[in-house]
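For reference, Swiss-Prot has these:
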- ASP9: active site, for RuvC-like nuclease domain (ACT_SITE)
- HIS599: active site, proton acceptor for HNH nuclease domain (ACT_SITE)
- ASP9, GLU513, HIS738: Mg(2+) 2 binding site (BINDING)
- ASP9, GLU509, GLU513: Mg(2+) 1 binding site (BINDING)
- 516-684: domain 'HNH Cas9-type' (DOMAIN)
Amino acid sequence: MSDLVLGLDIGIGSVGVGILNKVTGEIIHKNSRIFPAAQAENNLVRRTNRQGRRLARRKKHRRVRLNRLFEESGLITDFTKISINLNPYQLRVKGLTDELSNEELFIALKNMVKHRGISYLDDASDDGNSSVGDYAQIVKENSKQLETKTPGQIQLERYQTYGQLRGDFTVEKDGKKHRLINVFPTSAYRSEALRILQTQQEFNPQITDEFINRYLEILTGKRKYYHGPGNEKSRTDYGRYRTSGETLDNIFGILIGKCTFYPDEFRAAKASYTAQEFNLLNDLNNLTVPTETKKLSKEQKNQIINYVKNEKAMGPAKLFKYIAKLLSCDVADIKGYRIDKSGKAEIHTFEAYRKMKTLETLDIEQMDRETLDKLAYVLTLNTEREGIQEALEHEFADGSFSQKQVDELVQFRKANSSIFGKGWHNFSVKLMMELIPELYETSEEQMTILTRLGKQKTTSSSNKTKYIDEKLLTEEIYNPVVAKSVRQAIKIVNAAIKEYGDFDNIVIEMARETNEDDEKKAIQKIQKANKDEKDAAMLKAANQYNGKAELPHSVFHGHKQLATKIRLWHQQGERCLYTGKTISIHDLINNSNQFEVDHILPLSITFDDSLANKVLVYATANQEKGQRTPYQALDSMDDAWSFRELKAFVRESKTLSNKKKEYLLTEEDISKFDVRKKFIERNLVDTRYASRVVLNALQEHFRAHKIDTKVSVVRGQFTSQLRRHWGIEKTRDTYHHHAVDALIIAASSQLNLWKKQKNTLVSYSEDQLLDIETGELISDDEYKESVFKAPYQHFVDTLKSKEFEDSILFSYQVDSKFNRKISDATIYATRQAKVGKDKADETYVLGKIKDIYTQDGYDAFMKIYKKDKSKFLMYRHDPQTFEKVIEPILENYPNKQINEKGKEVPCNPFLKYKEEHGYIRKYSKKGNGPEIKSLKYYDSKLGNHIDITPKDSNNKVVLQSVSPWRADVYFNKTTGKYEILGLKYADLQFEKGTGTYKISQEKYNDIKKKEGVDSDSEFKFTLYKNDLLLVKDTETKEQQLFRFLSRTMPKQKHYVELKPYDKQKFEGGEALIKVLGNVANSGQCKKGLGKSNISIYKVRTDVLGNQHIIKNEGDKPKLDF
């Protein structure tokens, strides 16, 4: 082996890399790999956009089918003879009783085809639990109105009363605000359409029964959600008709994972009887109870399971009470259960089975295991009536369930979606059926049994190469954020092995959070909680000490631990937790030698130096307690309260953390190796799911290839302790800290504690620690120093040095992908106008104040009005309305009012007018002009855009926020200057005929000319986002490395926006090399590169940050993809 250690600090959007020689401590390599974190929110945006396009496409297709139906049925329409302003809702209501012309019928039916309601509301209306929440309550009110009216009648009534019918809006009714939502079930639209068509059939013989049935099919027809797209003739792997020729019953069935140990078996539903029994048995086997064996017997487990199954209500508290009664012990004596995020006990309770026992038409207790498991499979996989009914018919071909039973199961599934929504177990029914007898007979948990039975986890790791397949490794990591970070890390491991050979050790630390925003919020939350607690402690201490808000600064002189002691004093309710005595703040400040900060459990056992393992106690009590736990020591101490008294006090405390409570009340024998191992796993080793996946996959890979690389995953809190003890400050302003953390992680594998953890370190008879290396007895402080002592001389000094910091390499994931979003989806209208100081007509994008009656709408109006009211289109094109309606309202109605608390607050004059007279109307002699709800204005001059103007439009229609893609760099030998050509995603398109996605040479040449690139200029290279760019001043020899962001400022030739090499952004006004000047005060670095006396080079890096300078990248740019 190479004596090298690889440390990896895997973050959400970064991987720190550190390689050192474990013998000499020499730092071999260090770099930070930076990449954009995977954002689940982006997937949501894409899904929503796809859904919108799909809905629009289907609506369009229904309209086409309606046109075809009218043509094929001989219903001729001529819209040149009727008004284009016919109200479809009036026609729908009219059609219920009176004759409609062909044109009127078409308009009415087309309106319903476009807006046909929501199909799943038909099931929800029968669901007794659906009326939870405001939205559901309003839908329920809509359903009540449907008992006497059609959707069309309700919609027309709302339109005539409130001037609005679509969407979600609030109106005033009987002086109260009332929310209305235009949501009705598809079945209501079907009933309305049927009534209209049956009425029209009386007047028009061409409306036949066949016509009615075909229309109703167009109106209500819907592909089954579990079938997906495609059909027998047009197969696709996105639907049930696979390209392989296979036809699936349910497309979601293929998403069920395979068993971890039996790869041919599907995983069981978590709601299956077998999974519920398995989970509870595993929980019971993990419990430690006050019996001779410390475990539950087979008979006791049977009793507990029968009890749980037959109780209507069951939770952890009730179950633990039963177990305590069964064992004749206290609930507090039961240990080893799982804890949720809020610190509460967790245990499986046969929830799904107990709920299913409430079914009235089915006798669940009489069903066998196989039937219950199948039923759970059906109810987990399917969510709606159609899917459930079809699956029951398929799975139970003997017709086991009557329609009445099916109906109840459908409603049961809807009412208990949280139970069946938990998904799938990691194991198959086959594997669990093998393990359940073992769980009854032994006190072992699942993994121990699997190991004993010789079950091997199946892996698809390839032995063909010694490099790790990152795709295979991340198959079991379902969080996309974590999976992306791990993939990047594995690429780094492979590159490091390729460059440096096999490693002796690989040590990994993984991010705590899985979202960048969540990570920031979590850090802020912890920092705020700590600050609040410190402030509260100091305030209480000051009030009691001198009756003021602050303690005198002098009390802290020569007393460096006083702040910590005061915080612990506050946490502990001003008591010594070993003696139970009250601690006076005056004694704590003036007689500091009386008190000490003690580790509740020895640091040599827990490796936990956090505040959670510390208490403030009398020095005499601390000496007497020694290296024992409170449980072991208190009842034998002369001047201490009993352990029972401590237990009662700790349980009642609101200020002690859950972890501290656990440490104070532990009754485990810390001299035993398995107890020590548990603390090591808790405080040193990261046992989270994703961390275990990475650890196991790497270990299995190296084992399969007979490589003796030891892999470990450590907790972030441990490396944080090392940072603190070594005095290495962490600044997040730059990306250096990732590499520094990685080296600390690598060095952590060489600490003395790793060498000593398997030895019996504590001599409990003398309450001292034995130094195995020297044979000398050492104190707790000396042991602490030994544990946290840096493994190499000058290692810490090196990490702190400026020379070391400057030598760290950085590598960025370059974004060269070509099929990204080309622009925002918002469609903008434009107009030609002279605005402000314009000397000629310019093209302006129109803005819109959507609702002038909201406070935000009024504020937006006033902002434009005060600056330049001529920006409003109404001011120019309808001056009478602006001068005789809008401005008088502004003059006569207030813009401020006194609220309920007597305070002056802003208000909206337009809203005040509306409350008195209704909507503002355009000026007319009779005062009945159209209602005004919004106002358009000239917003900004048209810049970069995509033209989507229809052929018959007089004004441009555009998309804005056009996204830049890449920049091609050219060199003009005549002028001696570089020229930059910017390309956007919108410049790419599919070539007609070939279907190739590309930029045509003709279009490229047009852009080249527009960008000021000479036809004879020499192509140098292409820059994508996050490519590195080296700029050299050929006169002064100064040079600086940048990250390329984009070609910018399109009206300025050859300008680009740059980012710093070693951090996220520049400081405002930051100095660059002289030829480029300074960064703008805003922090943006936009610079023209068309200068004399500079040289530009592309710098390509690998994942380890190794740099390769590129002067030329081929003869011509790539235009085909």
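Residue 1 is the first one shown; counting continues down the chain.
Every residue, even glycine, has its Cβ placed from backbone N, Cα and C.
Within the same chain, the residues at least 6 positions away from ASP9 (active site, for RuvC-like nuclease domain) whose Cβ sits under 8 Å from its Cβ are VAL15, GLY16, GLY18, GLU509, HIS738, ALA739, ASP741, ALA742, ILE745, listed in sequence order. Sparsest Cβ environment among the recorded positions HIS599, HIS738 (other Cβ atoms counted within 10 Å): HIS599.
Model confidence over the domain 'HNH Cas9-type' (516-684) is summarised by a mean pLDDT of 87.
In three-state terms derived from DSSP, HIS738 (Mg(2+) 2 binding site) belongs to a helical segment.
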